[in-house]
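Asks: I'd like to ask you about the structure that follows.
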Amino acid sequence: MAEKAVSKEDFRIYDTGRFYKQMNKNSSNTMALAPNTSSKRETVCIFGTGDFGRALGHKMIQSGYPVVFGSRSTQTSSLIPKGAEVFSHAEAAQKAAIIIIAVQRQHYNFLIPLAEILRGKVLVDVSNNLKINQYPESNAEYLAQLVPGAKVVKAFNTVSAWALQSGTLDASRQVFVCGDDMEAKQMVMAIVRALGLTPVDQGSLLAAQEIENYPLQLFPMWKFPILLSLGLTAFFFFYCLARDVIYPYVYENKDFSFFIAISIPNRICPILALILLALVYLPGVLAAIIQLYRGTKYRRFPDWLDKWMLCRKQLGLVALAFASLHVLYTLIIPIRSFVRWRISSRIVSQALNNKTEPLNTTNAWLSDSYLALGILGFFLFVLLGITSLPSVSNNVNWREFRFVQSKLGYLTLILCTAHTLVYGGNRFLSPSSYRWYLPNAYMLSLIVPCIVLVVKFVLIFPCLDKPLTRIRQGWERNPQYSEQSNYIINKSAV
């Protein structure tokens, strides 16, 4: 990861931001929602008196904006926010330069007779669709076609009425904004900031369709991690079922079908936690190899690697979930009927034979080491998960975040891999461990982590680490070739 310089001004802004965050914590919600009366704000018109229109109007009034509603019915209702006025669409439009269209696309036709009144005004489209790419063009582009003289801006469609009513304390504060008129966008973004939200400029109105599709996507960054986890879970479930249940039933006439409830899940969970944790750091290792091979950081990675790197956080959180399940399953082992039966049978057998097994200090060391490595690994695992939360990551600087996610992340992988190796001991050498010539499942879980750790160990050698560091700082092995590549990329982007 390329390092970035942090100026004194950045630190000043960062410290000031932390000061205001602390002030906001100490202030009451009433003070936070109090209108800013130090300067007179311009009137905003809202077409539509539905849930979202009313919630947005209420939030704007709290922020100091005079609000008028344009509606088919001019009768004042108790649902209308206190302080707002209701007029006909034509009257309301004449009182404001910014008009928020809080109605669905199929009802836009009422705007056609108002085209002259709306000429030169800023129309903010907040609508969403029921399906992704439901129409050939976005709702905002359709609105711009209906009212060609207006300045259309897309905004607020990623914020719900509930989020506005709850003060946006429990929802995303980001508001995507796009439009062809820069001045109109700046006016809308000023309103977004005044409401305590964070505007994100997405460019021209061509980006409106992507913005409208965004709320319709169900966990877009979680799709690959979840599907991968489900696939690995199914594979290892049937793998363990064949080794631990079917094999003893066929060859030893023993019924261990109850292993399906606790034993097999308690084997699958740590296996998936270790594999997914290794998959979090594998793309970084592959990226380093690609950069060393190319001799530059200014060429794009393959698309599959780009997508893989973007979902590393989700992979890590899913791995943490499996590790947590493993801890819970392990805690209930002593109260299992099978375990209590096996312990009591062993005690009775020793009593009948009048023989006590001496303590094996080697096994005691292995057992304690195995448990200690697991506890330390899980502790760091939880620390990684906590640090990845936005509320925590926003309060640490980039160097601290990188230290936790990279340095402590690899330490976590080392501890968890060592935990699995000590658990297996020398059983991988025992022929009885291979049922139907299939190794124990934990052996398969070590393949990816060991590959990642070995390659990472090789990459820290000075002969590779120094050129890689130079590449990530901007050095290029073949600058002329890189300039040509950048020219082609930029030209295709235009």
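Positions of Cβ are set from backbone N, Cα and C atoms, glycine also.
Marked as domain 'Pyrroline-5-carboxylate reductase catalytic N-terminal' by TrEMBL: 43-129. Among the features that TrEMBL reports, transmembrane segment is placed at 226-251, 271-293, 314-335, 369-387, 408-429, 441-464. The feature domain 'Ferric oxidoreductase' is assigned by TrEMBL to 271-416.
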Asks: Which one of these stretches, 226-251, 271-293, 314-335, 369-387, 441-464, has the most C-beta pairs shorter than 8 Å to the transmembrane segment (408-429)?
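Replies: Looking at each of 226-251, 271-293, 314-335, 369-387, 441-464 in turn, the most contacts to the transmembrane segment (408-429) are made by 369-387.
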Asks: Using a Cβ cut-off of under 8 Å, list the residues of the same chain at least 6 residues beyond the transmembrane segment (271-293) that approach it.
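Replies: Sequence-distant neighbours of the transmembrane segment (271-293): 225, 228-229, 232-233, 236, 301, 305, 308-309, 312, 315-316, 318-320, 322-323, 326, 381, 409-410, 412-413, 416-417, 420, 441-442, 444-446, 448-449, 451-452, 455-456, 459, 464, 467-468, 471-472.
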Asks: Tell me if the transmembrane segment (441-464) touches the transmembrane segment (226-251). I count contact as 3 or more CB pairs below 8 A, with pairs 6 or more residues apart.
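Replies: Between the transmembrane segment (226-251) and the transmembrane segment (441-464), contact is present.
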Asks: Mean pLDDT across the domain 'Ferric oxidoreductase' (271-416), rounded to an integer, is what?
Replies: 90
Asks: Can you work out which residues elsewhere in the same chain, 6+ from the ends of the transmembrane segment (369-387), have a Cβ less than 8 Å from its Cβ atoms?
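Replies: Same-chain contacts beyond the ends: 273, 277, 316-317, 319-320, 323, 327, 393, 396, 401, 404-405, 408-409, 411-412, 415-416, 418-419, 422-423.
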Asks: Other than its close neighbours in sequence, what residues sit by the transmembrane segment (441-464), given a CB gap under 8 Å and a spacing of at least six beyond its ends?
Replies: 236, 239-240, 243, 267-268, 270-271, 274-275, 277-279, 281-282, 285, 288-289, 292, 410, 413-414, 416-417, 420-421, 423-424, 428
Asks: From the DSSP assignment alone, can you count helix, strand and coil residues within the domain 'Pyrroline-5-carboxylate reductase catalytic N-terminal' (43-129)?
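Replies: Residue counts in helix, strand and coil order: 28 helix, 19 strand, 40 coil.
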Asks: Taking helix as H, G and I and strand as E and B in DSSP, count the residues of the domain 'Ferric oxidoreductase' (271-416) in helix, strand and coil.
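Replies: The breakdown for the domain 'Ferric oxidoreductase' (271-416) reads 121 helix, 0 strand, 25 coil.
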